[in-house]
């Protein structure tokens, strides 16, 4: 009789866990619902345009992996992790907008957190390390520990991820501004201005979609979050190349790093990348 009661208790717990697991994977289990009309074009896809616009990550990321390979090969192949992770951002973003599930939301947000963490670990200037950290390996381990703690905390309290993202992002932006104050390279300064302009435009789309939805619904234009996807991946391409250029100027100055645009350097628009012009040691420019 005691065993039977215990079995019933365990069975009840397992059923409860299964229901909760099914709940977090189910459609529209996330508390977030973007402005785009749900199921407008497909009964299997909640937000069609937001889902399709996420595929821009699958276009830009492989191109950036290819363009930055000469620099990564000279500096560290770990740098490729930034754009490999961006592919996962696109994958999880598409899944989230297709289902609006809680798990999709967590995967989407956590993948962004890990992109920032990887960028932090490979590009944060060594001279700005805390005094108790002597090398990049130790710094990377510290970033890894903080990111793992933040990731686990996000499932207990989802709002924790937003704080982690803001802390990483704002500190990286502050560091970049400090770095650019001593830069005289006009191409780098132009790239910085373009990066900031794209970032501001992308954030404006995100905020407008999130908090101005009633206005956009009145004029039947509910696609700003999709434009956020497109703008932010281009902004990351510009911003990460700028950071990589500054890093190359400090860490491998002998390679004479320079900036160019793909597919044609003379075009007004394009994807920026680093070219290594030589081997002899030279004085850094930024």
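Just so it is clear, glycine is given a Cβ too, placed from its N, Cα and C backbone atoms.
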*Of 9-28, 29-48, 49-68, which range does TrEMBL call transmembrane segment?*
49-68
*Which residues, given as numbers and ranges, are at least 6 beyond the ends of the transmembrane segment (227-246) yet have a Cβ under 8 Å from it?*
50, 53-54, 56-57, 60-61, 64, 68, 71, 75, 79, 82-83, 86, 90, 93, 115, 119, 123, 176, 179, 183, 188, 191-192, 194-195, 198-199, 201-203, 205-206, 209, 257, 259, 271-274, 286
*In Å, rounded, how far does the Cα of residue 36 (Ca(2+) binding site) sit from the Cα of residue 225 (Zn(2+) binding site)?*
8
*Taking the recorded Zn(2+) site as 97, 225, 229, identify the other residues of that chain whose CB atom sits within 8 Å of the mean position of the site's CB atoms, giving them in sequence order.*
34, 36, 47, 49, 50, 51, 53, 54, 93, 226, 228
*Among the binding-site residues 33, 34, 38, which ones place their C-alpha within 10 angstroms of the C-alpha of residue 225 (Zn(2+) binding site)?*
34
